[in-house]
Structure formats: structure tokens, C-alpha cells
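**Q** Here you go, one structure.
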Amino acid sequence: MVMSQGTYTFLTCFAGFWLIWGLIVLLCCFCSFLRRRLKRRQEERLREQNLRALELEPLELEGSLAGSPPGLAPPPPPHRSRLEAPVHAHSHVHVHPLLHHGPAPPHAHPHPHHHALPHPPPPHLAVPPRPWSYPRQAESDMSKPPCYEEAVLMAEPPPPYSEVLTDTRGLYRKIVTPFLSRRDSAEKQEQPPPSYKPLFLDRGYTSALHLPSAPRPAAPCPALCLQAERSRRVFPSWTDSELSSREPLEHGAWRLPVSIPLFGRTTAV
């Protein structure tokens, strides 16, 4: 069977289309592979930099003790103090003030490079302090809340963040807090208790319903008016004691004696 020219052209186009599509897919897969590999290398490089920074952090802390606050002085090296301790003990030979009549002679220093050593720091300052344990007095901006390490090491917990936001002076309101609490409690005591009386007690049943406007009817008869006034006097409130102490209910065909407040939609048809 011989293929016609049209069939040959169709098969050639079909094969070429799928071949080009396959090459595009392979190219996309290769690009994604390269991107993932570059991203992995970048993450490894960042991880190595972080590890190096963590390893060099103690050295930086030891070097930064020279610029620490005045109360925190770096301790002297221990080997130097051990070597110079006996020399320092022999050099200080004092004469009794009653036996000495004249200017005090200078102390003889047997070692030419000897000089006075500073006083050793207290034992609680011998350990190099952490950077977050420095006092915050040197900082200019006190409106920022403390970091997590400072909040953990603080003797008193920091004020809530709402107080920091409402503070207009830029300082924590630790001193003003008790006065504010007293003033708020006084204001709460001065406020009258809320009244729980129901609404629309002296109005009709349809006063809470928004009905379309209609032509006003004629004036009712005086008997109905007297009955309405009497029902208003009989049921002034919702309390059971007043309901039991009043006269019995006289049913009226045109309105309810006690108005019930209605809000929203009703089920009336």
C-alpha cells in the first residue's frame, strides 16, 4: 500500500509537533533542575556563614567588653596576676607612722616593669555578661518593648503592649498604672447601673411595626378610649408582683392591654 502525499504530510507534521513539544518539556525540566541545584548551593553557603558567625560570636563578645558600661569591667588575665602576686606582696613594706619622721621614701620596685594592678572585680562580675543583660539606660529609645531574653531575665514583667502604644511620653507607664486603675475603678463606681425596663410599654401593639401609611380612621368611641386608659393604668410594667396586685384583665377586641416589643420581621401573614 502506497502512502499518499497528504497522509505523508500529516504524519510528518504530527511527528514534528510532538518532537518539538518533547524538546520543550525536556528543556523546562533541565532548567528546573539547574534552579533547584543553585538554590541548594545558596542555602548551604548561607548555613556555613551562619555557623561561622555563631563560632566567632564569643570572640566578638570578649573583644567588646572594653566598650561595656562602666560598672562591668573585664577581669584581668589570671596567669599575669599569679606571677606578679608575690612581687607585689614583697614590694609593699610599710613603716609605722610614729617611727617615721620625714617624707615617705618611694617604694622600691625590684622588677623594672612592675606597675600597680587594678583591684580584682567582684565574683559576680567575673563571668562575662550577656549582651542582653546590660542596663537599658544607655539606650535613647525606651518606647520599644524589650526583647525576649530581656523579658525573661527581668524581675518584673514588662507592661502590656497596649500601654506602650497609648503612652504619649515615650516611656513605660509603670508608675502611673496604680493611679490609672484607681481612677478607672472610681469612674466605674460613679456610672449608674443600666436599667432593664422593657421598651415601648406605654405604646400600642403595632408601634414597633413599620407598616405602610394608611388613611387615619375616624375618632374612636369614648368607651374604647376609657378601656385603653384603664388598661394602661392596670399594667404599667412587666413585674409579677404588680400584675398580681392589679385588677383582673378585661379582654378587649381591638388591642392588647400590654404592649410587647417586636424587633425585625414577624410571622404574621
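Each residue, glycine too, has its Cβ placed from N, Cα and C.
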**Q** Quickly, which of Ser64, Ser181, Ser207, Ser213 does Swiss-Prot have down as phosphoserine? Just give the residue.
**A** Ser64
**Q** Take every residue in the topological domain 'Cytoplasmic' (31-269), average their pLDDT values, and give the whole-number result.
**A** 60
**Q** So how many of the residues in the topological domain 'Extracellular' (1-9) end up helix, strand or coil by DSSP?
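**A** Residue counts for the topological domain 'Extracellular' (1-9) by secondary structure: 5 helix, 0 strand, 4 coil.
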